[in-house]
Amino acid sequence: MEAEEGHQRDRLCDYCDSSVALVYCKADSAKLCLACDKQVHVANQLFAKHFRSLLCDSCNESPSSLFCETERSVLCQNCDWQHHTASSSLHSRRPFEGFTGCPSVPELLAIVGLDDLTLDSGLLWESPEIVSLNDLIVSGGSGTHNFRATDVPPLPKNRHATCGKYKDEMIRQLRGLSRSEPGCLKFETPDAEIDAGFQFLAPDLFSTCELESGLKWFDQQDHEDFPYCSLLKNLSESDEKPENVDRESSVMVPVSGCLNRCEEETVMVPVITSTRSMTHEINSLERNSALSRYKEKKKSRRYEKHIRYESRKVRAESRTRIRGRFAKAADP
């Protein structure tokens, strides 16, 4: 247990100095957790080009390039050469590539080989904070009162995962990133979305309607309760049109057997839509507000030096210098 805690202390993130580091940035020579890796490399396009790879499970100091399926660990080239000598050269190993940019949570899942770990299968799954007795006890058989405790379901396993010995920590940090990314939360949208140029008829104006060939037809029963056919005819026969109505904004409504007096016909019902001038005004208002926000930010902008790795600055200030340069450890 103490050895494992000491091993984790060697893998602390160089940016936050609190979380377990999982990736290694070669350009910065820094060990980073997933959250700090995204925070550091999302700053600008130059930082996003830095190549990163998973941190070696053996030395905790170098980027890994191989995955040993026998030991279930990721190794750098030197550690791979030391571990897989003649006695263990038969271990099944495969190379894997690192990544650049700022990948999203689904892209990181694909990189480390956890493609099947989706939102439904356990990425956002957590143990409930309060568990009732009914959730943990199930009946042992019908008619008896033998009960047995059930365990919390484990996380799904993936045999093709290449995240090494720190798979649980990888899943935990990915779960934290998924909460901050709105794209990971999948909300189901309704199948039929109302378009900006259409208005659907109120449902209380109809009786029980049957769906035939994608069109809604009036019911043949209780025709006296529905004077809607005459209303549609009056709208179609009248030459007057409401103001600010586009010519293309009309809906085809098939009418059948209404009051036994109207033959089957198609009536054009005008629908009021928003004009292009209103859209142009809204766009201009949004543009003006964005420009004003930019000017306010420009006034309060301060050009200060930002320290990316504070722990390195503290170590640099404590080291001895000779003529402005760092002295070697062997020098007096």
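Here the Cβ of each residue, glycine as well, is placed from N, Cα and C on the backbone.
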Quick test of your reading of Swiss-Prot: among 56-96, 179-219, 220-260, where does it put zinc finger?
56-96
Restricting the comparison to the binding-site residues Cys13, Cys16, Cys36, which residue's C-alpha is spatially nearest the C-alpha of Cys59 (Zn(2+) 2 binding site)?
Cys13
Around the Zn(2+) 1 site formed by Cys13, Cys16, Cys36, His41, list the extra residues of the same chain whose Cβ is within 8 Å of the site's Cβ centroid.
Asp14, Tyr15, Ser19, Ala21, Ala30, Leu32, Cys33, Leu34, Ala35, Asp37, Lys38, Gln39, Val40
Nearest-integer angstrom distance between the alpha carbons (Cα) of Cys16 (Zn(2+) 1 binding site) and His84 (Zn(2+) 2 binding site):
34
Taking Cα atoms as reference points, rank the binding-site residues Cys13, Cys36, His41 by distance from His84 (Zn(2+) 2 binding site) and give the first.
Cys13
